[in-house]
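One structure is given here, and the rest of the page talks about it.
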């Protein structure tokens with residue numbers, strides 16, 4: 001606080017010396033007094049400030065101290081005001097807990113005093129800053145050792161897991177050479193896994209202190225001091241930085257996928273068509289409507305940023321429990337676990353560890369409840385957009401061929417069991433009725449099966465042929481002299497689209513014997529490790545995928561990464577500003593910004609890879 005010099009001179013005309021004692025009861029109930037030692041930071045011995053070092057063996061402890069000395073600074077006449085006064089500008093009583101105590105046993109307290117000399121110029125306008133504090137501390141070395149052990153063990157496991165991810169990535173790219181790109185990819189994988197390690201350790205530490213400090217009946221643990229929280233804040237900063245790197249890697253991966261919509265619809269009959277330049281009319285196959293492809297492309301565009309939680313509800317719910325219900329009061333550095341505090345009572349300072357522990361616990365708890373509600377109720381009784389998209393593909397007679405890696409991707413078999421989908425409402429309803437009554441074949445890729453989604457591992461020969469057609473489809477990067485006519489460019493792209501559609505549909509129909517494929521189930525270990533043991537040398541491999549893992553190229557399949565990034569972003573802003581409201585606002589803004597970027601760039605990639613005009617993606 002700030003105290004006027006004139007008030008000090010009035011209240012402390014003569015110095016008063018104090019001896020501080022601690023009153024306590026012995027084992028037999030008898031009262032005892034313990035002299036509290038004083039650490040005077042201004043004490044000099046051999047012209048050295050011996051009490052200002054951290055080495056306790058060099059300290060010289062005393063028993064007596066004073067608050068204000070207005071007498072020693074008087075010159076010549078004791079009746080005149082002093083020229084200099086000496087005040088105790090900083091007083092701290094340190095309470096240190098005995099390790100492994102269960103009854104709140106403490107070491108003898110220590111009072112630390114720092115004195116400041118104040119030159120008197122104008123007492124009426126002068127003021128001095130003084131502070132008094134009681135610090136409660138315990139030996140944190142054991143907790144630090146346990147944290148370091150956990151970090152070392154989990155960090156080592158993260159290295160192994162990242163190596164497995166890199167090996168799986170190399171298999172999926174169809175390359176076996178360890179080059180600079182492989183090392184860079186390993187570092188990206190390791191950044192994400194190490195971020196998870198830091199996140200687990202920091203959340204576990206925050207919840208540990210929150211539970212054991214607030215729930216203790218007898219004092220057995222004390223919070224780390226602000227100076228001891230620096231390592232914890234560093235861990236959170238590392239977790240956020242590494243998770244941000246993983247998040248950006250995820251965005252780039254999703255925005256560069258190869259995707260194509262296979263249209264199984266075949267022409268119905270023939271139409272008469274005039275041939276330009278010849279003046280004759282010839283019969284040609286009736287054109288197939290492109291609107292079904294546009295429709296599926298729009299649906300895919302809409303589910304690109306669908307999440308398992310509602311981000312706005314998540315942020316508002318966390319803010320509601322913190323600020324309205326009063327969970328933020330649990331982050332105060334006192335032992336009270338009350339959610340409400342009187343405005344007149346003393347309010348302890350914030351603990352950064354407890355602030356992180358409370359907010360992270362609420363984020364995780366609300367997110368888990370949302371995911372459970374989403375999986376158990378919403379997807380079952382309201383809508384499941386991922387499975388609905390698969391059904392829509394089958395009704396539209398459109399399959400989705402998707403490559404997230406060079407030789408690995410996903411396939412959604414949307415071939416209609418009725419042979420065609422470009423029909424009127426009456427026939428469409430009749431087809432759906434027949435399917436509901438099992439009067440037609442099943443939707444699966446294989447006969448008498450329902451499996452429509454697959455993970456695909458394609459051969460190098462298949463990939464080279466795909467790239468050759470795709471290069472023709474996207475040859476807009478060619479010389480300008482070849483693109484002098486927009487009509488020719490459009491016709492060239494149309495032919496490339498038809499060629500790609502014909503090639504992929506014939507590939508699915510086993511027409512190309514040199515590029516055939518087999519269908520099989522993944523081994524349990526392959527599912528756990530997220531990699532494939534068999535290399536598709538002669539034949540591509542389609543793995544049955546009942547879990548709809550094609551959502552891995554969408555926001556939907558990466559909810560854990562997005563959630564942890566949101567939590568860490570919220571925590572970083574809160575630790576920097578000490579404001580939950582500001583953290584919530586900025587977190588929602590970054591969610592919307594990245595969602596806009598993902599939608600915009602994902603829409604452009606979808607248009608360029610599938611030849612769907614971007615004007616039809618709304």
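Just so you know, glycine gets a Cβ as well, placed from its N, Cα and C.
Feature annotation (TrEMBL): of 290-311, 312-333, 378-399, the stretch labelled transmembrane segment is 312-333. Residue ranges 534-561, 562-589 are listed, and TrEMBL annotates 562-589 among them as transmembrane segment. Within the listed segments 253-277, 353-377, 403-427, 428-452, TrEMBL records transmembrane segment for the stretch 353-377.
Sequence-distant contacts of the transmembrane segment (187-212) (same chain, at least 6 residues past either end, Cβ-Cβ under 8 Å): 147, 150-151, 154-155, 158-159, 161-162, 165-166, 169, 220-221, 223-224, 232, 235-236, 238-243, 245-246, 249, 330, 351, 353-354, 356-358, 360-361, 364, 561, 564, 567-568.
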